Amino acid sequence: MVAERAGHQWCLFLDRDGVINRQVVGDYVRNWRQFEWLPGAARALKKLRAWAPYIVVVTNQQGVGAGLMSAVDVMVIHRHLQMQLASDGVLIDGFQVCPHHRSQRCGCRKPRPGLVLDWLGRHPDSEPLLSIVVGDSLSDLELAHNVAAAAGACASVQIGGASSGGVADASFDSLWEFAVAVGHARGERG
């Protein structure tokens, strides 16, 4: 999918809702009580951490822009997520959040590449050519395309059963299945 380059680091950019946790139908995950891990997601993050020097969550949280929750509410959710993962030795390197409503014309709302380009700009050892966007929606796959257009390359992985119409570089039913495939590609057994 992508090739190694000496001196540069892989970066895995993950969508949150629908990839790591269940989406709340017709609403937003407004607090930690509403956050529900998808099966195998925490285990997948641990497996992926062994391979990816950087794991960054990139998420649109338009509930903030709509006034349904605050930026602090989102930070608290991410702090709890980070603490649960840390208890198992897993670190998320960053949370890139667009708090704007879709009606606003910001540069950070996916599929615009602002959040990813911001991360890459602040981490010069991370390499767009070695970056992968993992998401469950067309906007995530378009994000990978837009990062590639701006930075030279970026692969896309779709999570979930819906067809991407051939837009994704690879598709898996879950984050866990993606992690297992990465492990197999790296020669891991089991």
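Here the Cβ of each residue, glycine as well, is placed from N, Cα and C on the backbone.
Look at ASP15 (active site, nucleophile): DSSP puts it in coil. If you take the C-beta of ASP15 (active site, nucleophile) and look for same-chain residues 6 or more apart in sequence within under 8 angstroms, you find VAL57, VAL58, THR59, LYS110, VAL133, VAL134, GLY135, ASP136, SER137, ASP140, ILE159. Taken from Swiss-Prot, the feature active site, nucleophile covers ASP15, and the record attributes it to similarity to another entry.
Residues annotated as active site, proton donor in Swiss-Prot: ASP17. Packing around ASP17 (active site, proton donor) is summarised by its Cβ count: 19 other Cβ atoms lie within 10 angstroms of its Cβ, all protein chains included.
The annotation substrate binding site is assigned in Swiss-Prot to 15-17, 23-28, 59-62, 109-110 on the grounds of similarity to another entry.
The annotation Mg(2+) binding site is assigned in Swiss-Prot to ASP15, ASP17, ASP136.
Note on HIS100 (Zn(2+) binding site): other Cβ atoms within 10 Å of its Cβ, all shown chains, come to 18. For the recorded site, HIS100 (Zn(2+) binding site), the DSSP three-state label reads coil. Summarising the annotation, Swiss-Prot assigns Zn(2+) binding site to CYS98, HIS100, CYS106, CYS108 and lists similarity to another entry as the type of evidence.
THR59 (site 'Stabilizes the phosphoryl group') carries a strand DSSP state (E or B). Residues or ranges marked as site 'Stabilizes the phosphoryl group' in Swiss-Prot (evidence: similarity to another entry): THR59 (among others).
Under the three-state DSSP scheme, ARG109 (site 'Contributes to substrate recognition') falls in the coil class. Taking the Cβ of ARG109 (site 'Contributes to substrate recognition') as reference, residues of its chain lying under 8 Å away and at least six apart in sequence are, in sequence order, ASN60, GLN62, CYS98, HIS100, ARG102. Taken from Swiss-Prot, the feature site 'Contributes to substrate recognition' applies to ARG109.
Neighbours of LYS110 (substrate binding site), defined as other CB atoms within 10 A of its CB across all chains, total 26. Taken from Swiss-Prot, the feature site 'Stabilizes the phosphoryl group' covers LYS110 (among others).
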One should report the C-alpha separation between ASP17 (active site, proton donor) and VAL24 (substrate binding site), rounded to whole angstrom, as 8
Argmin Cα dist to CYS106 (Zn(2+) binding site) over the binding-site residues VAL24, GLY26, TYR28 returns TYR28
VAL24 (substrate binding site), DSSP three-state class -> coil
Surrounding the recorded Mg(2+) site, with Cβ no more than 8 Å from the Cβ centroid of ASP15, ASP17, ASP136 and those residues left out, we find ARG16, GLY18, VAL19, ILE20, GLN23, THR59, GLY135, SER137, ASP140, ILE159
Taking only the CA atoms, the spacing between CYS108 (Zn(2+) binding site) and TYR28 (substrate binding site), expressed in whole angstrom, is 19
Around the Cβ of CYS106 (Zn(2+) binding site), other Cβ atoms within 10 Å, all chains included, total 14
